[in-house]
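These come from TrEMBL:
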type	residues	note
TRANSMEM	A:6-23	transmembrane segment
TRANSMEM	A:32-58	transmembrane segment
TRANSMEM	A:78-99	transmembrane segment
TRANSMEM	A:111-133	transmembrane segment
TRANSMEM	A:153-171	transmembrane segment
TRANSMEM	A:332-349	transmembrane segment
TRANSMEM	A:369-388	transmembrane segment
TRANSMEM	A:418-437	transmembrane segment
TRANSMEM	A:458-474	transmembrane segment
Amino acid sequence: MLFNSLNFLIFLPVVFILYWFVVNRSLKYQNILLLAASYFFYSCWDWRFLFLLAFSTFLDFYSGLAIHRTDNKRLRKIWLILSVGINLGFLGIFKYYNFFSHSFGEALSQIGINANITSLDIILPVGISFYTFHGLSYVFDIYNKRITPTTNFIEYSLFVSFFPLLVAGPIERATHLLPQMEKPRTFRYAQAVDGLRQILWGIFKKVVIADGCAEYANLIFNNSSDYSGSTLILGAILFTFQIYGDFSGYSDIALGTARLFGFELLKNFNFPYFSRDIAEFWRRWHISLSTWFKDYLYIPLGGSKGGMAMRIRNTFIIFLVSGFWHGANWTFIIWGGLNALFIMPSIIFKTNRNNIDIVAQGRTFPTLYELWQIATTFALTVFAWIFFRASSVGHAWSYITGIFSKDIFKIPFYHPELRASITIIMLIIPFVLVEWMGRETNYAIEKIGFNWKRPLRWSFYIFIVFLIGMYMHTEETEFIYFQF
Amino acid sequence: MKKYLINLFYFSCLVLIVYPLIVFSWGKIFPGKYRKNLKYREASTGQLDQRLRDADTTKNIDLLILGSSHAYRGYDPRIFKKEGIKVFNLGSSAQTPIQTEILFNQYLSQFNPKHIIIDVYPALLASNGIESSLDLIANDCLDKNFAAMFLKQKNIIVINAAIYSSINNILKPSKAVKKIASPDKYIVGGFTESYKKYKAKAGKDIKFDVEISDMQMDALVRIINKIKSNNLTYTLVQSPVTKEKYALTKNNVEMDRVISKLGTYYNFNKMLTLTDNYFYDDHHLNQYGVVVFNQRLLETIDIKPLAKYAKN
């Protein structure tokens, strides 16, 4: 079931009504209802993988208890290895088996050995990377004695599979979400209104901006050899907005939906395209994943405590692993590597925490220098996204060489099939302006119109509804991050 | 909670009122390319406006033709009239069973036909039917049958067009029909006549498999069930397209098998060999082709006895 589907439009109010009107007197029943709804939500993709989700949940729940109940270091480690090994084993089989087998086969053929390695016809279970990371963080936190495990299996199951975050995050932490599962909930008007507002903005980002950009980005990327350099640049920029609209739109809908049920999820995006350097970009893009890698990989590897060499090594490791987390393809690994390269100057010169505040905070316009910083950071991310979007490394390379070899100064819309892309570009401009206006809040329209009279504020929301109706993509399209 | 639900209710009502007004205004202000999901055409190339006005004054026919442009360009009422058979052709551009069902329900009692030919073009059974819905919305009065269509199609383009059309009709009830320059000639009885000859273009099209949509198949089955429940007879026909066009569908055999399960079925692509001279374009007959096809149809399907009803 997609957030941008009519089925979800029916599913959400039904669960909402049952939650607040039927089982509202019992926390236990509220959690059971949400768990049942989450399993139903997941089964709409493929019910067979519910068993995998349930097994993974049970494994981590039981491992957590077992680790906590013993002081024997060896036994604790065995349980940790068992949990991590099985979780990563599932991830390895479902997500990475074919990648490793192909890469191994190709490596052998390079040295003259023709190995007949069979690939498996495996369906990737939706959300496996996300719920595996939920479970892992829980077990790591117990092992490191940051938290004590819950003894309530329903609450833990809900923490792993809560439907707004089940298939594409944010990657929650037990320290943040589990206490919310344990506390009785009361309906808060402001929180529920905020939730709906965030859902509205998320839907706009997904079905208008992301899907609108996807139409032309796909056309340009899929036929990149036919287009001029300037059109290829346009394609890369459109993909840059597509992936932002798609993933941050998903996150907004997830956060907004969770708010309707009284939960606050981790913020996943913080206006990343207004970053002044790559380090700031990575503090603002897919925050829950970046912090996950920081806490469970970068710091255990020594973080920045060692010398410069260790910092550089660790930075490369987390970016490469992060790239690989996204997908079993060399394009993602190179994308991660590129980002590591881009961030290196700020690591070496220790300027990576220069821009921890909000750009042009308290001002309407940025300074020229800030604008230059934003533009150069944006250009670097656009360049890296080419690898992320391309179907293979060869495709990415031909795309980049195409940019510099063919008519880079030609008007990019001269192809008849691209002329209508002017509409999406005209929508991107006000979209960026609204995002800029709202950059000091949790999501762009959180405070816009907050002090306006209700008729004016509601008119603004209705206009967003209208823009969705007039410019949305008419077919339901999956979110990009579902494939990860 | 009460305040929340009340405000949500008010907001939803306001959206239901204001949204149509903005859609209509947007449609009046901005040209087509700037209003992506509002595709409203006040006249169509398929002469549907004339056909429906003609249909409104037609009663008690012998043979009703349902289908897409293959229907209104493929069955000439004048040829059937020579055999004493009164025909009305209720085809519309890219008409899929979803729209066929609406038109059929709308005109069945008025036409009171004895026999029905359903022209079945497999590619349209795989279509979402949007194009034809837009054609109908712009040329027909919206009624409860359309509401059923909106629910089935669940498509914002169709809904926006319906909103625009409804407000347009309220503000301008006697709309003047815009004429589109065309070599086609409308013939009483719903037929569109053209003598244009097709010239094949160089280049290779990609072959494809038709995957029938459940929604379209369900609508087709409902139409057939309604025909049966009214004790009427029917025939399923696939009218000819050019050899090259026919060969593009890779699963023609499967399509024939599926359609023949629904009733008596004739695929004239297998029964007639026509050169490009008999075609208007790669999948529509011109008048020369229509004459050949209709003669063969009359020889194949036992519909001549219908003439007796006409004389009665």
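Glycine too: its Cβ is placed from the backbone N, Cα and C atoms.
Tertiary neighbourhood of the transmembrane segment (A:32-58): same-chain residues 1, 7, 11, 15, 18-19, 22-23, 86-87, 90, 123, 125-128, 131-132, 135, 153-154, 156-158, 160-163, 166-167, 261, selected by CB-CB distance under 8 Å and a gap of 6+ residues from either end. Packing against the transmembrane segment (A:153-171) from elsewhere in the chain are residues 28, 31-32, 34-35, 37-39, 41-42, 45, 53-54, 56-58, 60-61, 64, 126-127, 130-131, 133-135, 137-138, 177-178, 181-182, 247, 250-251, 253-255, 257-258, 263, 265-268, 286-289, 292, 479, 481-482, 484: each is 6 or more residues past its ends and has a CB under 8 Å from a CB in it. Within its own chain, the transmembrane segment (A:6-23) has Cβ neighbours under 8 Å at 29-30, 32-34, 37, 40-41, 44, 187, 257, 260-261, counting only residues six or more beyond its boundaries. Looking at A:332-349, A:418-437, A:458-474, the range that has the most CB pairs within less than 8 A of the transmembrane segment (A:369-388) turns out to be A:332-349. Sequence-distant contacts of the transmembrane segment (A:332-349) (same chain, six or more residues past either end, CB-CB distance under 8 Å): 277-279, 282, 308, 311-312, 315-316, 319-324, 326, 380, 383-385, 387-388, 393, 396.
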